[in-house]
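Notes for the one structure printed next.
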Amino acid sequence: MAMRAKGIRKNCQHLWRWGTMLLGMLMICSAAANLWVTVYYGVPVWKEATTTLFCASDAKAYDTEAHNVWATHACVPTNPNPQEVVLENVTENFNMWKNNMVEQMHEDIISLWDQSLKPCVKLTPLCVTLNCTDLNTNNTTNTTELSIIVVWEQRGKGEMRNCSFNITTSIRDKVQREYALFYKLDVEPIDDNKNTTNNTKYRLINCNTSVITQACPKVSFEPIPIHYCTPTGFALLKCNDKKFNGTGPCTNVSTVQCTHGIRPVVSTQLLLNGSLAEEEVVIRSENFTNNAKTIIVQLNVSVEINCTRPNNHTRKRVTLGPGRVWYTTGEILGNIRQAHCNISRAQWNNTLQQIATTLREQFGNKTIAFNQSSGGDPEIVMHSFNCGGEFFYCNSTQLFNSAWNVTSNGTWSVTRKQKDTGDIITLPCRIKQIINRWQVVGKAMYALPIKGLIRCSSNITGLLLTRDGGGENQTTEIFRPGGGDMRDNWRSELYKYKVVKIEPLGVAPTKAKRRVVQREKRAVGMLGAMFLGFLGAAGSTMGATSMALTVQARQLLSGIVQQQNNLLRAIKAQQHLLQLTVWGIKQLQARILAVERYLKDQQLLGFWGCSGKLICTTAVPWNASWSNKTLDQIWNNMTWMEWDREIDNYTHLIYTLIEESQNQQEKNQQELLQLDKWASLWTWSDITKWLWYIKIFIMIVGGLIGLRIVFAVLSIVNRVRQGYSPLSFQTLLPNPRGPDRPEGTEEGGGERGRDGSTRLVHGFLALVWDDLRSLCLFSYHRLRDLLLIVARIVELLGRRGWEVLKYWWNLLQYWSQELKNSAVSLVNVTAIAVAEGTDRVIEVVQRIYRAFLHIPRRIRQGFERALL
């Protein structure tokens with residue numbers, strides 16, 4: 001029996017040992033598998049966005065005396081050392097045809113033109129009948145002038161008309177007769193038969209369709225470079241691929257704060273003073289197969305175009321009423337000559353050849369034909385632009401009148417409608433003073449006449465082309481100059497940029513967990529409070545309201561931001577009174593956006609308990625359903641952008657869990673701080689605490705009585721099972737003896753029993769003492785046994801661990817010695833082989849050397865044999 005008990009005890013010891021080891025391994029594995037959400041602030045993550053851009057411009061780039069229509073004096077100064085950071089191993093998608101920067105620049109230019117013309121004079125009183133005749137001046141050309149000047153004089157005749165009309169003076173009921181010179185394109189006949197050549201009655205061309213506003217006297221239309229900049233929290237991504245076609249992925253990406261200087265040149269057909277391609281000519285279109293889409297051509301070498309208005313004009317003032325002055329052309333000094341532009345024929349032909357080469361690559365090696373515009377408004381049919389304040393409309397037929405094809409031997413075959421004459425292409429130009437404003441329908445502008453001669457020089461850096469439709473089987477593709485939509489002009493410069501919003505907050509799994517006060521209670525009512533307004537919790541209790549502080553703080557911030565937006569809208573609505581330009585509004589918006597982005601990020605960090613931290617651990621366990629990748633795959637093989645796309649659908653959920661965890665932590669800390677009342681012993685004797693003392697005493701007494709009853713019942717049940725019948729709690733209960741302990745006799749024989757009969761204790765204090773003693777002894781024995789088992793396990797694990805370490809140390813020493821011996825042996829063998837090889841090489845060299853030395857001797861011996 002004893003042997004059996006000993007065997008059972010031994011088996012139990014093995015079971016305890018293996019069970020404890022398995023439990024430890026399970027705990028280690030479970031601890032290793034636990035991952036926790038960690039917050040990172042400042043991660044390089046961005047997302048496509050649209051935001052308000054503000055402008056920067058060089059303060060010295062414009063004349064301080066004249067007000068340029070672009071209002072660059074309201075822009076911030078440019079950064080003398082702009083920073084551009086190249087993003088290594090980054091591929092980003094760009095789309096120049098769906099770029100909000102283009103729309104924003106278009107709206108800005110419209111607003112600038114509107115604001116520039118708002119205070120200027122309306123020319124409604126000029127919508128009267130004009131009696132006009134062709135303007136002729138005395139021809140003072142002498143015989144020494146060049147023949148080409150005479151030709152231009154003949155072309156210039158009939159371009160201007162001398163008109164007289166009645167106008168109201170400062171006194172309303174008084175009319176006076178005035179005269180003025182108008183360009184032929186600015187007036188139209190009002191006779192019934194407009195095709196006759198002897199019409200004398202005319203009117204301004206836009207009187208029946210548009211409201212004409214005269215440009216203010218000191219407004220300059222000279223384009224000034226404008227840099228578009230992003231506010232803090234946003235950035236510009238720039239594509240640096242030299243052959244980027246405007247859409248698709250770009251592998252050479254950098255980030256900048258501002259664009260390069262973009263000149264807002266309003267022109268058609270030809271793009272002037274823009275940026276050039278770095279290598280070969282680049283063509284861009286939203287869809288090359290759709291002939292309705294404009295093709296933007298970017299040249300790699302600019303072509304200079306020089307334009308002139310030879311006439312020496314004077315300016316005349318006509319008073320239209322109180323405070324309203326109309327400026328018109330007074331007279332022309334000298335000969336009337338037509339305005340014109342000159343382009344080098346060789347440069348232009350070389351440019352067309354490069355464009356044709358690029359177009360042939362795109363459209364299947366067909367013949368590339370350039371033809372004149374197919375018709376439309378004068379702005380579309382002719383190359384229109386501003387030169388020195390005057391608006392030129394130049395006939396570009398001579399530029400687009402050729403067909404280009406490659407012959408079988410690889411040379412270019414060029415067919416022209418007109419033969420080339422001279423080294424210079426001269427484009428005849430006409431000037432208009434009443435301009436259809438390209439940005440607004442139903443409004444026109446009267447450009448003031450410019451005194452003196454006008455000359456301007458520009459660089460052609462691109463073209464706007466349209467392709468004629470037709471079948472796929474045709475052998476010739478016809479391209480015509482286009483334009484008119486100024487968005488294409490801005491798009492030709494903004495194609496390489498896109499606006500992104502920086503997302504500095506990132507979450508990722510790590511093994512680090514925030515140490516928190518452990519109290520597994522959830523914040524009751526938190527989810528319901530999410531739907532309450534900022535003031536919706538005013539009627540709730542203070543406890544319920546305190547659970548929704550996060551929601552209220554968020555709504556408070558959004559209220560501040562909304563208020564700022566309302567103020568901005570009010571300022572924008574009253575900018576004509578405040579004299580704010582569109583750039584001033586944008587700067588205010590940019591500053592508000594920067595503050596808003598910063599406050600939002602700091603607000604989230606504050607909600608999560610991460611204020612002022614770049615890396616912040618949390619108590620939120622990582623859910624494998626968000627991403628089941630391992631830590632090595634995440635941290636060693638993925639960028640922050642890839643990781644953000646991986647968990648983008650769960651980011652809001654993770655943020656919510658972090659907020660709930662932080663709220664629970666703060667509630668637990670609050671309850672823990674309430675326990676500090678026990679540190680104040682002076683309040684223990686307070687009369688208000690007596691009821692608590694009595695309640696605690698009653699609970700202790702009740703617990704002891706209940707415990708005593710339980711023990712008594714268990715004792716009775718145990719003795720009943722052994723055959724005793726307890727008649728009373730005062731019955732003496734004999735303690736059983738063992739089989740080897742005989743009872744005593746009357747003669748005193750035998751051993752005196754040390755264990756006599758005992759009776760149940762009686763009395764309240766005796767019962768309490770006996771029960772407490774039994775409970776303490778039981779707890780002591782169990783704890784002692786547990787500590788012995790733990791100590792034995794620790795001792796065993798320590799001994800086994802030490803043996804394993806010694807084994808690995810001996811194994812390491814053994815293999816180190818083996819590697820050392822192998823290395824020494826390898827070095828010895830190598831040295832022997834090298835020595836033997838060296839000896840052989842030396843021996844061969846010596847033999848060759850001796851052979852060379854013996855050559856004279858062998859020759860002498862040969863001669864001796866020959867003589868013998």
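A Cβ is built for glycine as well, from the same backbone N, Cα and C atoms used for every other residue.
Feature list (source: Swiss-Prot):
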type	residues	note
DISULFID	Cys55-Cys75	disulfide bond
DISULFID	Cys120-Cys216	disulfide bond
DISULFID	Cys127-Cys207	disulfide bond
DISULFID	Cys132-Cys163	disulfide bond
CARBOHYD	Asn139	N-linked glycosylation site
CARBOHYD	Asn162	N-linked glycosylation site
REGION	163-207	region 'V2'
CARBOHYD	Asn195	N-linked glycosylation site
DISULFID	Cys229-Cys258	disulfide bond
DISULFID	Cys239-Cys250	disulfide bond
CARBOHYD	Asn245	N-linked glycosylation site
CARBOHYD	Asn300	N-linked glycosylation site
DISULFID	Cys307-Cys341	disulfide bond
CARBOHYD	Asn312	N-linked glycosylation site
CARBOHYD	Asn349	N-linked glycosylation site
CARBOHYD	Asn371	N-linked glycosylation site
REGION	373-383	region 'CD4-binding loop'
DISULFID	Cys387-Cys456	disulfide bond
DISULFID	Cys394-Cys429	disulfide bond
CARBOHYD	Asn395	N-linked glycosylation site
REGION	472-482	region 'V5'
CARBOHYD	Asn473	N-linked glycosylation site
REGION	474-482	region 'V5'
DISULFID	Cys610-Cys616	disulfide bond
CARBOHYD	Asn623	N-linked glycosylation site
CARBOHYD	Asn628	N-linked glycosylation site
REGION	674-695	region 'MPER'
TOPO_DOM	718-868	topological domain 'Cytoplasmic'
REGION	731-755	region 'Disordered'
COMPBIAS	738-755	compositional bias 'Basic and acidic residues'
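Nearest Cα neighbour of Asn623 (N-linked glycosylation site) among the listed disulfide-bonded residues (Cys120, Cys229, Cys239, Cys307, Cys456): Cys239. Between Cys127 (disulfide bond) and Cys387 (disulfide bond), the C-alpha separation comes to 27 Å. In this structure the C-alpha atoms belonging to Asn245 (N-linked glycosylation site) and Cys394 (disulfide bond) are separated by 30 Å. Taking DSSP states H, G and I as helix and E and B as strand, the region 'V5' (472-482) has 0 helix, 6 strand, 5 coil. When the Cα of Cys341 (disulfide bond) is compared against those of the disulfide-bonded residues Cys75, Cys207, Cys258, the shortest separation belongs to Cys207. Counting residues per DSSP class in helix, strand and coil order gives 4 helix, 1 strand, 6 coil for the region 'CD4-binding loop' (373-383). In the structure shown, across all protein chains, Asn628 is the one of the glycosylation sites Asn473, Asn628 with the greatest number of other Cβ atoms within 10 Å. Spacing of Cys429 (disulfide bond) relative to Asn162 (N-linked glycosylation site) is 20 Å (Cα to Cα, whole number). Within the same chain, the residues at least 6 positions away from Cys616 (disulfide bond) whose Cβ sits under 8 Å from its Cβ are Thr38, Val39, Tyr40, Tyr41, Arg514, Leu605, Trp608, Gly609, Cys610, listed in sequence order. When the C-alpha distances from Cys250 (disulfide bond) to the recorded positions Cys55, Cys132, Cys216, Asn349, Asn473 are tabulated, the minimum falls on Cys55. Ranked by CA distance from Cys163 (disulfide bond), the recorded positions Cys307, Asn371, Cys394, Asn473, Asn628 have Cys394 at the top as the closest.
Summarising model confidence by region, the region 'MPER' (674-695) averages a pLDDT of 65. Within the same chain, the residues at least 6 positions away from Asn395 (N-linked glycosylation site) whose Cβ sits under 8 Å from its Cβ are Met382, His383, Leu427, Pro428, Cys429, listed in sequence order.
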